[in-house]
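Feature list (source: Swiss-Prot):
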- 120-199: disulfide bond (DISULFID)
- 13: N-linked glycosylation site (CARBOHYD)
- 21: N-linked glycosylation site (CARBOHYD)
- 195: N-linked glycosylation site (CARBOHYD)
- 1-41: topological domain 'Extracellular' (TOPO_DOM)
- 63-83: topological domain 'Cytoplasmic' (TOPO_DOM)
- 105-121: topological domain 'Extracellular' (TOPO_DOM)
- 143-164: topological domain 'Cytoplasmic' (TOPO_DOM)
- 186-217: topological domain 'Extracellular' (TOPO_DOM)
- 239-261: topological domain 'Cytoplasmic' (TOPO_DOM)
- 283-305: topological domain 'Extracellular' (TOPO_DOM)
- 327-337: topological domain 'Cytoplasmic' (TOPO_DOM)
- 42-62: transmembrane segment (TRANSMEM)
- 84-104: transmembrane segment (TRANSMEM)
- 122-142: transmembrane segment (TRANSMEM)
- 165-185: transmembrane segment (TRANSMEM)
- 218-238: transmembrane segment (TRANSMEM)
- 262-282: transmembrane segment (TRANSMEM)
- 306-326: transmembrane segment (TRANSMEM)
């Protein structure tokens, strides 16, 4: 399996000279050749639209603060609590896509990393940090809507702009801390059988596989998704409960458009990232040799690569969702005209 060798080598336990999976699983070479040809262009396309879309989103959120931008404005617009979270999510997506050109080149070179050890660690660490930052921000966004809609009378005492800003800061710090192992353990090593110098994770001990699974699949997915499902279930229940009362109101319940935007963002995030975490868990089972069948190893390996880049799509989908499913950007755009 190419990605097993290139991403999670254990030089203390397995020889770099003869990875068993390379010689025993040759049936998917044509599939890998196709991926090497197709995925780099796909990743660059995602990077282009992700950069363009998220830069536009951030400009619409942040530029009204700049007095020199529109001298005729009578007052400055302050970001709402929802906008603070969404601006941070756009910033996270922007930082995330900045690392994609390096991986596009890496795949185009058949995992031969040409940028050196420092960029190997920095690019991998930044991508890993933003994986956590993104899902933690989705939890925070869902929790904020939950408080506003399910406990509207008491939420005003808790929902403060400074609190939202502090929450976002803590999320960025948490993402950085959780990415430290990636910064420390990523390195460029020669893999003779593949004739490449690969940017890989070098685990010093078998137990690191379990630690990585807990970090990635539990802290980075299962626990946040449980919270997201809980909050959004009650949000939908609250909206259903308000439906009868809002029938006579023009436009429906207060905040329903913003809530619709956020629910769409949450659904998009889960659809894009669930396959990645599913195959990441299967990859963990391969690493600890619970899965040993060659065909399953190839399915896991190829599936993880495809799911990886399917997850990247989320970074350029979010700006489209802001425009087509929500009123926040429309309000900001009209305010600058």
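Keep in mind that glycine also has a Cβ here, set from the backbone N, Cα and C atoms.
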Note: in the chain of residue 120 (disulfide bond), residues six or more apart in sequence with C-beta under 8 angstroms of its C-beta are 113, 186, 187, 188, 199
When counting C-beta pairs under 8 angstroms to the transmembrane segment (84-104), the leading stretch of 42-62, 122-142, 165-185, 262-282, 306-326 is 42-62
Mind tallying the topological domain 'Extracellular' (105-121) by DSSP state, helix then strand then coil?
10 helix, 0 strand, 7 coil
Does the transmembrane segment (42-62) come close to the transmembrane segment (306-326), meaning at least 3 CB pairs under 8 Å for residues 6 or more apart?
yes
Using a Cβ-Cβ cut-off of under 8 Å, list the residues of the same chain that are 6+ residues beyond the ends of the transmembrane segment (42-62) and lie near it.
79, 83, 86-87, 90-91, 93-94, 96-98, 100-101, 103-104, 107, 309, 312-313, 315-316, 318-320, 322, 329, 332-333, 336
For the transmembrane segment (218-238): best-contacting stretch of 122-142, 165-185, 262-282, by Cβ pairs under 8 Å:
122-142
If you draw a 10 Å sphere on the Cβ of residue 199 (disulfide bond), how many other Cβ atoms land inside?
26
Taking the Cβ of residue 195 (N-linked glycosylation site) as centre, how many other Cβ atoms lie within 10 Å?
9
Sort out the residues at least 6 away from either end of the transmembrane segment (262-282), same chain, that have Cβ-Cβ distances under 8 Å to it, and list them.
82, 86, 89, 134-135, 138, 141-142, 145, 213, 216-217, 220-221, 225, 228, 232, 235-236, 291, 296, 300, 303-304, 306-308, 310-311, 313-314, 317-318, 321, 325-326
Please work out the helix, strand and coil residue numbers for the topological domain 'Extracellular' (186-217) from the DSSP assignment.
11 helix, 12 strand, 9 coil
Spatial neighbours of the topological domain 'Extracellular' (105-121) far in sequence, C-beta under 8 Å, 6+ residues away:
2, 6, 35-36, 39-40, 43, 182-184, 186-188, 194-199
Beyond the flanks of the transmembrane segment (165-185) by 6 or more, those residues with Cβ under 8 Å of it:
84-85, 88, 121-122, 124-126, 128-133, 136-137, 140, 201-204, 208, 211-212, 215, 219-220
